[in-house]
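Features of the protein shown, as given by Swiss-Prot:
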| type | residues | note |
| --- | --- | --- |
| BINDING | 10, 11, 18, 89, 90, 91, 99, 124, 125, 126, 127, 128, 129, 130 | ATP binding site |
| BINDING | 10, 42, 74, 88 | substrate binding site |
| SITE | 18 | site 'Transition state stabilizer' |
């Protein structure tokens, strides 16, 4: 039986921390979908098409990973993709409370949907897309935290 997992998020933009999680998930499951949420209420810097394109390029070295955009409830998207595993990254204890609420709601909406929590490697444990964008806005060097294509796109957006 083939295992299919979904790693959802806004990924505005995708960081090396996200790539760390997805790379490890790709070694655990037969197929992994990086599901990029439209998230219009978050007012993303990059639109959905841009985020999908950036992530697709950054993840092209992982043959069992597919990048898709979505705007539905996660449980509905998972059901439509016939996936029953949800990957979530936990950077710190503070993330756990919110992630636990999401996991319980997703389980309520789709009882067969299991949430699997992965901690990022120590090197990436403190970064987030929001933090990287904030540092970049103030001319800080974020090269180390982003794939090259994403770094270039971020610098273009900030011009």
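Here the Cβ of each residue, glycine as well, is placed from N, Cα and C on the backbone.
Because the structure is a prediction, the values reported are computed rather than measured.
Where Swiss-Prot records a feature, it is marked here on the structure.
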residue : record                 : DSSP (3 states)
10      : ATP binding site       : coil
18      : ATP binding site       : helix
42      : substrate binding site : helix
74      : substrate binding site : helix
88      : substrate binding site : strand
99      : ATP binding site       : helix
125     : ATP binding site       : coil
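Straight-line distance linking the Cα atoms of residue 125 (ATP binding site) and residue 74 (substrate binding site), rounded to a whole number, equals 24 Å. Between residue 10 (ATP binding site) and residue 42 (substrate binding site), the C-alpha separation comes to 9 Å. The binding-site residues under consideration are 18, 42, 88. Their Cβ neighbour counts within 10 Å are lowest for 42. Comparing residue 99 (ATP binding site) with residue 88 (substrate binding site), their Cα atoms are 8 Å apart once rounded. A 10 Å cutoff on Cβ-Cβ distances gives residue 127 (ATP binding site) a total of 21 other Cβ atoms nearby, all chains included.
Minimal Cβ crowding within 10 Å, among the binding-site residues 10, 125, 129, is found at 125. For residue 88 (substrate binding site), the nearest of the binding-site residues by C-alpha distance turns out to be 18; the candidates were 18, 127, 129.
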